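Features reported for this protein in TrEMBL:
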TRANSMEM  73-96  transmembrane segment
TRANSMEM  103-122  transmembrane segment
TRANSMEM  128-146  transmembrane segment
TRANSMEM  158-189  transmembrane segment
TRANSMEM  195-221  transmembrane segment
TRANSMEM  282-298  transmembrane segment
TRANSMEM  304-327  transmembrane segment
TRANSMEM  339-359  transmembrane segment
TRANSMEM  371-390  transmembrane segment
Amino acid sequence: MLRLKQSRHLLPSLLFTAVFILYTVTAAPSIYPRDSAELVVAAHTLGIAHPPGYPLYVLLGKLFELLAPWGNVAFQLNLFSAFTAAGTVTLVFLITKMVTGSVGPALVAAVTLAFSRLFWFYSTIAEVFSLHIFWLLLIVWLLLRWEQRRMNGSTANGWLYLAALLFGLGFGNHHTILLMLPAVLYFIWATNRRIFWSTTGLKAIMLALGGFVGIYGFVYLRSKADPFLDWGNPETFSNLLAVFFRQEFGTFSLSKNFASGFGVPNAVAHVQNYFTSLYRQFFSWGIILGLAGLVYFFKKRRTFSWLTALSFAGFGPLMVLLTGGTILDENVHFVVEKFYLASFVIFSLWIGGGVWLLLTLLKQQTARWRQLMTVATTLLLVSLPLYSLAVNWSSNDRHVYFLNHRFIQDILASVEPNGILITPNDSIVFGVWYFQQVLQQRLDVTVVPTVGNQATIDQFRSRHGRLFTDPPTDNAVFNQRLFPAGFDRTALNAFLRELMQRNIEHRPIYLPVGDPTMTDPLAEFLVPGGLVFRLTTRYNDPDPILLNRAQEILETYQYLNDRTVSPQNDFLTNEILARYALATLLIDQQTKNLTN
């Protein structure tokens, strides 16, 4: 019996280890652009990340950081994604094997997912989506174990209770777990509908609510301790609700900063975007196998089929519908594609079903053809995932990705001591926080995110009161041209106006190059300073001393002499490289204008 259990656990263990090694050797060594650096800071300091706070990720990420035996903090949190992603691949294997009763389909489904483009990408950087997918599949596995035990004559409600608890806790990582609720309720109803009118059902509901309240209770209590990262300051019930419902970004929208575009052409573009992304994960062969597998599952395992079909509908078509009101561009594509990931993982289970169907058809062949077709099918099923591995390796191998790390390093090198850096760019804000709170570097720099949330503005004033004590500048040209009538009609603009006026003559103020919506209105008072502009009171009169300093700083940038910082050619990489190119161009133009 012991040997049987060991052999049953051997293959999943080997699979987990192999996939984890793959993701580890291709993981980014430091911070990645966008939310990655913020999540590293949040986990490291047990802080409150941007709404909805992600408390489950923060707690589990901190635990993983404490247990990880090697690497810097950013790399450790990247490995956390690798660890949970390897767990997801293993769960795909276990679920498919449980449903089909066969190792072959389970292995093909798991390996196909492991080598797919988008899943691999989020397995190498610190993000919430690897944990999100792992959590979803863990709930599916628990429900299937509960069903299996009931079929064997045992109540086994403990599996259901644990699934309910995890469902409630899952809101602390990503709210889109709610889209899985219809599938979960259907599965419970189909397995034992009497639970809905029993104490068992009530206990499950209470456990789910307990997990939900508990995980957001952490947000409230942690905010009371005033951690460095305390987004939205949710230490009051109203602020907590604002964080939970993402009021700053829009509860049912991706972001208030994205342009709305309701209409047939944009909706069609989003549908095309989804299916193009699905194709890029699994190619034609995977889609054919997946659709065939879904049909076969409906024939053989109807309850499981509806569980996965309803889950896919929520994370796929419904997600396309929810995000389809946003005009699709390169930035929006990057944001929405990660929300499709859960549906792609569900689809990988169907691929296992397609392989199961294929092997079943092989068994029905005559002995004369069976051996030949078995060899051909085996070679095909082995070669197709290996093709994905070969195709996706170069775009997902980030083991030398230092670009964002050096980008933030170069920005900070451009800022003079005790400087103020005002920026709307998340990658820059979060990157500076990482350098300050994790690496303990350039603590003299004050970074000001342009967040319009009143709670965040009040919190900044409270923490940086020294920046609001000096008298405002009396430079009439600066005040009149920079702040025309009506400028401070929003709380954010009023805050920025006071900050600039009180500090322009006492501290160096900077804005990053590459954010025209922020810098264009201030252009007449900006002097290029490398990757940043220096704000001055001189109207259309660049200071030659500042330009000379900018030229010297530009020559120190590590990226310019090191092309190995990023082998990728993706949207976020090109965005950073464009800032370097623009910084060089602006300094050259200003220098030429000065000499003419």
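Each position is counted from 1, following the chain as shown.
In case you wondered, yes, glycine gets a Cβ from its N, Cα and C as well.
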Please work out which recorded stretch in 103-122, 282-298, 304-327, 371-390 has the most C-beta pairs separated by under 8 angstroms from the transmembrane segment (158-189)? 304-327
Of the stretches 128-146, 195-221, 282-298, 339-359, 371-390, which racks up the most C-beta pairs under 8 Å with the transmembrane segment (304-327)? 339-359
Quick tally over 73-96, 195-221, 339-359 of CB pairs under 8 Å to the transmembrane segment (103-122) gives the top stretch as 339-359
Residues sitting near the transmembrane segment (195-221): Cβ under 8 Å, six or more positions beyond its termini, same chain? 48, 53, 55-56, 59, 157, 160-161, 163-172, 188-189, 234-235, 240, 243-244
Six or more residues beyond either end and a Cβ under 8 Å away: which residues meet both conditions relative to the transmembrane segment (73-96)? 11-12, 15-17, 19-20, 23-24, 27-32, 36-37, 39-40, 43-44, 60-61, 64-65, 105-107, 109-111, 113-114, 119-120, 122-127, 130-131, 133-134, 137-138, 140-141, 144, 345, 348-349, 352-353, 405, 434, 438
